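Pulled from Swiss-Prot, these are the features on record:
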type	residues	note
BINDING	53, 58, 84, 90	Zn(2+) 1 binding site
BINDING	65, 73, 92, 95	Zn(2+) 2 binding site
BINDING	142, 147, 169, 185	Zn(2+) 3 binding site
BINDING	389-445, 604, 799, 807-809	FAD binding site
COMPBIAS	1-11	compositional bias 'Basic residues'
MOD_RES	17	phosphoserine
MOD_RES	26	phosphoserine
MOD_RES	253	phosphoserine
REGION	279-298	region 'GLYR1-binding'
REGION	802-818	region 'GLYR1-binding'
């Protein structure tokens, strides 16, 4: 960089200082820098000249040229100029000339490298970059447990992951150690190795470490390699050519290729297609994605030393993520990462030291080593200083079990208290249907890309059934609605919501109104102003779409905030396929719970956090104590005040708890002797029921075909229709559902079901809800307030504490992972 710009074939009277500032020099000044010292002869008859490194702060009193490229190499003697790469690595001016001067033998090699670097990279292909990338020797650590010393390899040896895993002191490629070979482990370690660990060593490094053949390379082919911590000289990091247009627009950031050169993501061979941990250039709005060329805020907070130049951090972080998603079924350890850190020079030692810190941070944050991963007895994912904590987890639903699994894997003592006689909370699968698992609670995964549920399915070898988009709307009477009518009313429905979005832009909390009321107001105004009259069928189809919205909200639209009903859409959401978890969520829940200390039938009555330890008392009078407690009970239980806190929860937190609604959704599942719907539905995964009136819009709006080979349908009761269930028994609900099915398939005989169930979540004493929503005059901020810990002692998790992903098992799970990270940090 500075070397190639500051020196040219024609000598100038200007040279560059170590700080790249021009200095006027002369032959006289140069001679003053040459110091005479006695040679090895004691009589002083001969003298030897040497020159110190001109880099301010460099500790190398007698630099040694590592390159030895020129026949006139200075070795450890005198040279007119030393080029500093690190405090222990320099090359002489003679070796610089050997590669940089066009008439020298090494120029062709440097020139060829420069062309490759320029073609693929973004940084300057300077002589120093060339030396760091091509000429520095590799360093490797002895794998003998009793040794562990670092050794410098000779220049011709290329380090590989296999060599890094198996290296022993004195080992050379393709050779067999003879029995009479001396014990090379007894040889002392190079003194420069110790310096690498010092805090001042890394800031003195001239070239940032750029990994060769990184596992992350196939995932980052659309980026300039040197902007994401990889060497542009490796074929594995060569940028991909454009094969498809990007889906979003915008200018490229410093680490990205220009939009016209950008390429779509390419996956590592064998990696699950739902694993996309890195944003591609110009991509945005994808949940649980990181920018490979930028440090996140929490990373900068944890590693401020990389704020000026994040290259090393990005190189190691990106490598760790790629390794994790390549094999998420085993815990990723520093020992598994180290062989893949292929970089020349002493900086490899520093990278190996740093990868442990970075990996532990990413583990604590739940970025890696998460899901249903279990560790062997006595082994833990975090160092010993994390092990001295005890935690009580209240609730064995997805949030509680996610946190308990993480904390247990970290090495902490964890006890889970569950009120019911089973684990899972709102996850409850019915396995009594022949050949089919039907979830009484959730069973659908909305958006699989980077979804932790998809990760856990991969870990367990569970397949997810992709749901198609086709949903025929069937009217009572048996007619299938014309798709053009459905499309037109779907457009009108979304236009109504767009108007709501415009209306709320300048509205305060006190100006909020119910969403249902606002939609009706906008609809009436549109009809009046446009003069358009919708047909009876079009009005019914609109009611179907409103019913779907009530299903999404978990409540009648007259209870939901028009201002904040979709508050989470302002954050990146999970994209990709919508799938049905055919084995049910219970498979995941059971694996999360494996090996944990779970106390069933232990409803918590009070939590006292006035002392040094938290005292938790269950309804049977049993007392439990721990340093921390994590509360993961449903929102409805907090609203009911079923748990007494001492001191009481703050007014701010209680206001937030009560500003959210405890939504109710009920389900019915029916098994039939045969698939009577096949001829009409024709392979679709679900079909819709067009309600004849607004008063009937929440009754069995959608029927899901639970298995293409079996004869099971599942439907939902939503909105104001949920209240009608309270006055009916299960048989009456069944009869009403069968009446609707017979109307939808009027042209054929509908058999009686051989088995069925009707859920009653509203009457479950320790649940009483499906999922949360924002009530009128509420806001999404309430989710964050509920999630706030108290005095670093009492923590909260659950879907109603996850502002980004509420109402989902995914959101509940991630909230548990989030709190486990916070507990570990306190």
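We count from 1, first residue shown onward.
Using the three backbone atoms N, Cα and C, a Cβ is placed for every residue, glycine included.
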Practice task
Mind telling me which of the binding-site residues 53, 65, 92, 169 has the densest Cβ neighbourhood, counting other Cβ atoms within 10 Å?
Solution key: 92
Completion exercise
The binding-site residues listed are 84, 397, 405; by CA-CA distance, the one closest to residue 92 (Zn(2+) 2 binding site) is 84
Fill in the blank from the handout: Averaged over the region 'GLYR1-binding' (279-298), the pLDDT of the predicted model comes to 94
Fill in the blank from the handout: As a whole number of Å, the Cα atom of residue 95 (Zn(2+) 2 binding site) is distant from the Cα atom of residue 437 (FAD binding site) by 71
Exercise for the section: Consider the binding-site residues 58, 84, 90, 147, 185 and say which one has the Cα lying nearest the Cα of residue 437 (FAD binding site). Expected result: 147
Handout entry: From 65, 147, 429, the binding-site residues whose CA lies within 10 Å of that of residue 90 (Zn(2+) 1 binding site)
Key = 65
Handout entry: Candidate nearest residue 389 (FAD binding site) in space, where candidates are the binding-site residues 65, 73, 84, 169 and distance is Cα-Cα
Key = 169
Handout entry: Helix, strand or coil at residue 185 (Zn(2+) 3 binding site) [DSSP, three-state]
Key = helix
Handout entry: Of the binding-site residues listed as 65, 73, 421, 445, the one whose CA lies nearest the CA of residue 142 (Zn(2+) 3 binding site)
Key = 65
Handout entry: Pairwise Cα distance for residue 397 (FAD binding site)/residue 147 (Zn(2+) 3 binding site) [Å, integer]
Key = 47
Exercise for the section: Select the most exposed residue of 142, 147, 437, where exposure means the fewest other Cβ atoms within 10 Å, treating these as the binding-site residues. Expected result: 147
Practice task
Determine how many residues of the region 'GLYR1-binding' (279-298) DSSP places in helix, in strand and in coil.
Solution key: 2 helix, 2 strand, 16 coil
Fill in the blank from the handout: If we take the Cα of residue 53 (Zn(2+) 1 binding site) and draw a 10 Å sphere, the binding-site residues of 147, 169, 185, 405, 429, 445 inside it are none
Handout entry: Shell of the Zn(2+) 3 site beyond 142, 147, 169, 185, same chain only (C-beta within 8 angstroms of their C-beta centre)
Key = 144, 146, 148, 149, 151, 168, 170, 184
